[in-house]
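Participant: Per TrEMBL, the features are:
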type     : residues : note
REGION   : 1-45     : region 'Disordered'
COMPBIAS : 21-31    : compositional bias 'Basic residues'
DOMAIN   : 31-124   : domain 'Ig-like'
DOMAIN   : 253-356  : domain 'Ig-like'
Amino acid sequence: VIGQPMKNKHPKEPGENKIKPVNKKLKPKPPKMKERESTDSSLKSQSILTQVMDKGRFQKLAATLSLSAGQSVELRCKGSNVTWNYPSYLDTFKDSRLSIKQLDKYGQLILTNSTAADTGEYSCWLQLCNGNKCRRDETKTGSTYIFFTDKEELFVPTPSYFEIVYLNPDKPAVVPCRVTTPSAKVTLHREFPAEEIEADGTDIIYDVKKGFIYQHPTSDHKGIVYCKAESQGAPQISIKYHLLYVEVPKGPPSTTIVASSNRAEVSDSIHVICTVLGEPDVDVNFRWQYPGQESERPVIIQNYWRLINRGTGHTTRISKSILLVEDFETRDAGNYICIAQNLQGETTVATTVELN
């Protein structure tokens, strides 16, 4: 009796009774998605990246994905201005198997005929632009690490047969023997004396996405090493890695300057050399200020660098910038200033060249 007035409330609209049950079934679904996204932060960060499956289905991606080499993969990232990141060698060789397009509502990445070498991180993010200035929207990103498994290639192939790894006492060093099969058992070995190097999980850690990480490198770690991987078959050996210990001061460039002569005659050729000693993998940028600069006096500037071995496994990078003045004139006399810059700061040095 109590329920009767509810049935007769809209007697002339029988269609409502058909619609209401459908609404009741649909309504609970969106809150469930929201709850799941709010409680699972990893899912939230993956929300704009999906994989296109068969028959037009879409799948949100976990932190890792395993596919067989040879398979093609299509990824989509929601947004009208999407930037992609993927293994850098695909760019280096301008690989035609990779296709990236920006459509109205999403960015699309397609990789066909995949190989073991394609193993790596694939990520995307939305760009927020104001005029010519763009920045990354940290709330709208997606990332997955894809293993393209290949029984013949347990290690991710590299362009060379030998690589140098710099051991710096101030930062971890990585021996980048990555595998294509995440379940493979990987060990690290020294070539001489021949022995296995234990990854204890503290000083040396194995990360399937990076390789073996030396947390606190010392000069004792230097030498030639390689990795061995096993997975349902004969073990495979990686390329060799030459571990060089580096010990140079951190901070702005350690810079010196010298002129071929501090006194010059008219029509002489003078060169001024700016030299920096630093870490092997730290780039140095040079800028010059010189007397004839404002009058647009033509000079020749050459930059180059090389590695030198200082003995006992220590390696240093020598970076040089050479400023050459041909046919010295009165306006060329004065101070020659070199500004050397790296990520830690800059150093300014100067020398004077006078006219005789």
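Every residue, even glycine, has its Cβ placed from backbone N, Cα and C.
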Participant: When the domain 'Ig-like' (253-356) is classified with DSSP, how many of its residues are helical, how many are strand and how many are coil?
Facilitator: 3 helix, 64 strand, 37 coil
Participant: Can you work out the mean pLDDT of the predicted model over the domain 'Ig-like' (253-356)?
Facilitator: 89
